[in-house]
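To start, the structure itself, in structure tokens.
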Amino acid sequence: MNVPFTKMHGLGNSYIFINVFDFPVEEDYLSELAIAVANKDTGIGSDGLILIHPTGDADVGMRIFNNDGSEGKNCGNGLRCVAKFAYENELVHDKQFTIATKAGNVIAEVHGNRSRIEEVTVNMGKPILEREQIPMTGESALQVVAEPFQVENYHLDLTAVSMGNPHAVFFVDHIEEAPLTTLGPVIEKDSRFPEGVNVEFIEKVNDQEIHFRVWERGSGITQACGTGACASVVASILNGKLEKNKEITVHLAGGDLYIIWDTDDIVWMRGKAETTVSGTFYWERND
Ligand SMILES: N[C@H](CCC[C@H](N)C(=O)O)C(=O)O
């Protein structure tokens, strides 16, 4: 199968994009295709696959698959790339438009001109804080804020936030000491998160900046995670470490995102989106 693709990334969090307006795809091979394109040796190499598709619910739709083939419900870096692609390829005509995700619609605004969009702002909507909607098990408090969380021989304080996808946020004193490779994969699959979880470690720098590292559900360590950056700012404010209505610079491994959680409870994300390459993926499907 000859699959036309465009590889794009948000701060190094890369995906292979398929424009379903031009190239219809079959539901039953998407998971396998995500694994195939993400493979750096036999595929193209990415953190996963993203479909840009027609939808009656919004101007364009986005579906995201991690590099293990699992489908995510939202993807902040992916949304900025979808917005750039949709505007540059005239799938939309206004600079502000809606994008449907499995977690609901968001509103994107592109900055630049038709030939080259460099930065995108996304209204990510309201965070979800109720335990059972994260989802996370447990009988205690309605929300999960600074809740004792023991894993292996670590006694951590957990704050859980959903941006349509689940995030477990932990504060550390020095980001370079975050137990990302040891605890990331363990917490990702912890039974207290029935749908798995993205795992973030953050270090407060000052009242406007945090350092951030992530182990993503379904993809492992990535250079950046847009929904994770949003969840981390929300978690920092819930814990009294940052304030609402202030633009927070989140220093991710791949670069900076600018996040605001405003007093209307809306989370705003602003950052770059870049195109790497486009071409044809010659795929020998395992029938
Ligand atoms: N691994 C995530 C999806 C990708 C999110 C991330 N790449 C972002 O930019 O938000 C999940 O399974 O929920």
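Including glycine, each Cβ sits where the backbone N, Cα and C put it.
Keep in mind that what you see is a predicted model, and the values were worked out from it rather than measured.
Now, the feature entries from TrEMBL:
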type     : residues                                                                   : note
ACT_SITE : Cys75                                                                      : active site
ACT_SITE : Cys75                                                                      : active site, proton donor
ACT_SITE : Cys225                                                                     : active site, proton acceptor
BINDING  : Asn13, Asn66, Gly76, Asn77, Asn165, Asn198, Glu216, Arg217, Gly226, Thr227 : substrate binding site
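Maximum intra-site Cα distance, substrate binding residues Asn13, Asn66, Gly76, Asn77, Asn165, Asn198, Glu216, Arg217, Gly226, Thr227: 16 Å. Taking each of the active-site residues Cys75, Cys225 in turn and counting other Cβ atoms within 10 Å of its Cβ gives the largest count for Cys225. A straight line from the CA of Asn13 (substrate binding site) to the CA of the residue listed as 'active site, proton acceptor' spans 7 Å. Counting only the Cα atoms, the space from Cys75 (active site) to Asn165 (substrate binding site) is about 8 angstrom.
Close to the recorded substrate site, the chain also has Ile64, Gly72, Asn74, Cys75, Gly78, Val214, Ser219, Thr222, Cys225, Gly228: residues not among Asn13, Asn66, Gly76, Asn77, Asn165, Asn198, Glu216, Arg217, Gly226, Thr227 whose Cβ is within 8 Å of the site's Cβ mean position. Between the CA atoms of Glu216 (substrate binding site) and the residue listed as 'active site, proton acceptor' there is a gap of 8 Å, rounded to the nearest whole number. Other C-beta atoms found within 10 angstroms of the C-beta of Glu216 (substrate binding site) number 29, with every protein chain shown included.
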